[in-house]
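What TrEMBL says about this one:
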- 325-395: domain 'J' (DOMAIN)
- 386-419: region 'Disordered' (REGION)
- 40-73: repeat 'TPR' (REPEAT)
- 154-187: repeat 'TPR' (REPEAT)
- 200-233: repeat 'TPR' (REPEAT)
- 272-305: repeat 'TPR' (REPEAT)
């Protein structure tokens, strides 16, 4: 076969295309049409190589050349439509990326890759968007496939680093970004990601150091600064929000701490530590129903003895919170002594005794009588060591056959005689 014959290059190109070696095949196709500008199969194959490599504009020119030579060529007509479709998907993907609609970009690239199966540019854009969507294994797989064919591909190295960066493996990520910059010193995305990764790691470590040293205000500020570095790093930012919540609870900023935990969970719904932190904050602010809900979520995910006990404690506090708060009724602390309870009882009983409100309206008399009975009820429980113990442990007091209504009992009842 003569190397100067167009058919020779055309046939070799066809073989290379079957082996998916489109760049080599493209060279043969171009040589074939240089030798014979009317070689229709050569133009068609050149267009298909361009199309497979994602060069839709170049492919269109090849198919248009075929149609100039043979206006009714159905294959050229169909391939021209395929090329136009790829150009449209590229346009839609560009708009989607600008709008941060990464799902749309992945959809467009999947459609484009149906015809441009060997286009690294489309694969890289898809992989980058998969990473931005948190679909790291898929993104890693795409990048790894490219690196197996071309270990120096800076874009693929960048995507590998991006996945590691978003999975909070910052040291490994930086290694890939540096490697990408060695291959392509002008790679802006790799340079920005490398800078963000280093800054994020440094600021987070500063915050951790301040926290360990007990400098909570500084730690809070440092975690806040770290959160402004890269909004796209979901996993690291979830940890930063949880860290700031821990500091917030130390600073008694409990509502802010709850809000930070909620932000962390919104970023990473599987983040157990954030649920535990928020549940503890709910316990500290006596929001027991919310605490129980979080502890239930934790226990469903990780059925450990510790999580089971935390859930039981929260359920107990919720049960206790729905009963009358006898300590609150008497106005004493839960650690009040027997003498403090007795003194508080006398003071509150005096305040609400019916005789003291005999000249009040019927409504006021009724309300004060109710409060007076509650004071007596509270004292009858808190002044009895056994009943108090049952009450404090959340057990049902009705099991004791207690008289929870009626006139107050206990020492000093004679004290309430008004003349």
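A Cβ is built for glycine as well, from the same backbone N, Cα and C atoms used for every other residue.
Each residue in the repeat 'TPR' (200-233) has a pLDDT score, and their mean in this model is 95. Using a Cβ-Cβ cut-off under 8 Å and counting only residues 6 or more beyond its ends in the same chain, the repeat 'TPR' (272-305) has close neighbours at 238, 241-242, 245-246, 249, 254-255, 257-258, 261-262, 264-265, 311, 313-315, 317-318, 321. Residue counts for the repeat 'TPR' (200-233) under DSSP, helix first, then strand, then coil, are 24 helix, 0 strand, 10 coil.
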